[in-house]
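The following features are taken from Swiss-Prot:
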SIGNAL    1-15  signal peptide
DOMAIN    29-164  domain 'Thioredoxin'
CARBOHYD  N41  N-linked glycosylation site
ACT_SITE  C66  active site, nucleophile
DISULFID  C66-C69  disulfide bond
ACT_SITE  C69  active site, nucleophile
CARBOHYD  N182  N-linked glycosylation site
CARBOHYD  N257  N-linked glycosylation site
CARBOHYD  N266  N-linked glycosylation site
DISULFID  C287-C299  disulfide bond
DOMAIN    290-392  domain 'ERV/ALR sulfhydryl oxidase'
CARBOHYD  N292  N-linked glycosylation site
BINDING   R295, W302, H306, E336, H340, 363-370, K389, W392  FAD binding site
DISULFID  C334-C337  disulfide bond
DISULFID  C398-C401  disulfide bond
Amino acid sequence: MSLVHLLLFAGLVIAASSSSPGSRLILREISDQKDKAVELNTTNFDSVLKDTPAKYAVVEFFAHWCPACRNYKPHYEKVARLFNGPDAIHPGIVLMTRVDCAMKTNTKLCDKFSVSHYPMLFWGPPTKFVSGSWEPKKDKSEILVIDDGRTAERLLNWINKQIGSSYGLDDQKFKNEHALSNLTDYNQISQAVYDVEEATAEAFDIILAHKAIKSSETSASFIRFIQLLAAHHLSRRCRKGAAEILVNYDDLCPSGNCSYEKSGGNDTLGNFPICGKDVPRGYYMFCRGSKNDTRGFSCGLWVLMHSLSVRIEDGESHFAFTTICDFVNNFFMCDECRLHFNDMCLSVKTPFKKARDFVLWVWSTHNKVNERLLKDEASLGTGDPKFPKIIWPPKELCPLCYLSSNQKSIEWDHEHVYKFLKNYYGPKLVSLYKEKSVSRSKEETVSATEDLTVATNALVVPIGAALAIAIASCAFGALACYWRTQQKNRKPRRR
């Protein structure tokens, strides 16, 4: 083939590629693999904005054929790098998103926001975008047009003015206000609701990855822990996911032999994401450390245990205690941590009769762990320099918790400690859910409020008897009804 023919052939290939919408889409997807801005469309627009933990959202309406949009994209991505994804510098504050109005499927969505030019940027609380719209003549709207964001610097300055921050494009990971924020900030705990979901999903994934349910003992331990989550997890989606695992457990793990691989059906544990398909997200917020290998998962697990402890009733206290002890002993993969925790469990000689006793035991155990790790990390230099282990709670958060203290010991007022823990890991922990629910529809507000609802009498039940815990958890009525229906429908298949 001559050089002329080769050039003609290459030209035809290029022409065909440029004229094919499918080819353009493929090329755009390849080039966007590392994009930080979240691509939204008419299908996922509401769900993504409704579920984001971020307090604010930026939505860019653009057209992929628009030269100005292509030139603006690097500027937008510089800002998105600060806020989006697992490597975000300031995660959980602003969600940066994009909608391609050149795609026919997005036409109605773009029309709802009266998009008059490209690119056009909007700002507001994420929930205000959900099933929302924008009209240029409307005087009062919580959705604002960003009128000064033509460069990355100007866009970030505009955002800084809105939220009273001083973020910079040169901010580096873990060298930021978010990581340096004082743990004594009472309002920080509201972000931990997402970290509890993250830690729950990560713990479940670790069990799947290690195929850790290997005996009747580990199977029983797993079931009891999932029962505890189904009744008392602070996240409704985690409670729902745990309930679905319970209902299907006999089929997923016949005789304790579980199938772990993820497939297209619902016949393996891997196909039941315990906190929903969007969790884990890949990053932590309240539990974010100043180094990649600090805090995170272990911090999230502690918040989970504290949040469970304040949600149980007196009759469940010892069941919750033995369930958590067995779970750590069977499924926590840090061997030294597991052994130390098990020793503290074995030191309890008398069964707990009051929920208060269990709340204080979790708190005391956490402080003992922190004391030990503080010494180890100081000698080895492995601690988090920005978040050193401390005795909890500090005086700044609960001065009444301290009767007296010196460098060697602290005399605690256990009644005030208990009241502090009940509030801090109870109503305070779900405050963000309550705040976000204000702007939602009635149905969504009810769902958000359910995150405050816990069981009042969840008891130990045999393996496979998910119905029993549903009946026992009287305050968890919706879940009980769901379980009863599922178990009733399953009976004919067991004949």
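Glycine is no exception: its Cβ is also placed from the backbone N, Cα and C atoms.
Helix, strand and coil counts under DSSP for the domain 'Thioredoxin' (29-164) come to 52 helix, 24 strand, 60 coil.
When the Cα atoms are compared, H340 (FAD binding site) and C334 (disulfide bond) turn out to be 10 Å apart. Ranked by how many other Cβ atoms sit within 10 Å of their Cβ, the disulfide-bonded residues C287, C334, C337, C398 place C334 at the bottom. Cβ neighbour density within 10 Å is lowest for N257 among the recorded positions N41, N257, N370. The number of other CB atoms found within 10 A of the CB of C69 (disulfide bond), across every protein chain shown, is 21.
Neighbour counts of Cβ atoms within 10 Å were taken for the recorded positions C66, C299, C401; the minimum is at C66. Restricting the average to the domain 'ERV/ALR sulfhydryl oxidase' (290-392) gives a pLDDT of 89.
When each of the recorded positions N266, S364 is scored by how many other Cβ atoms sit within 10 Å of its Cβ, N266 comes out lowest. Neighbour density for H306 (FAD binding site): within 10 A of its CB lie 22 other CB atoms from the protein chains shown.
Compared over the binding-site residues R295, H340, H366, the count of CB atoms lying within 10 A of a residue's CB peaks at R295.
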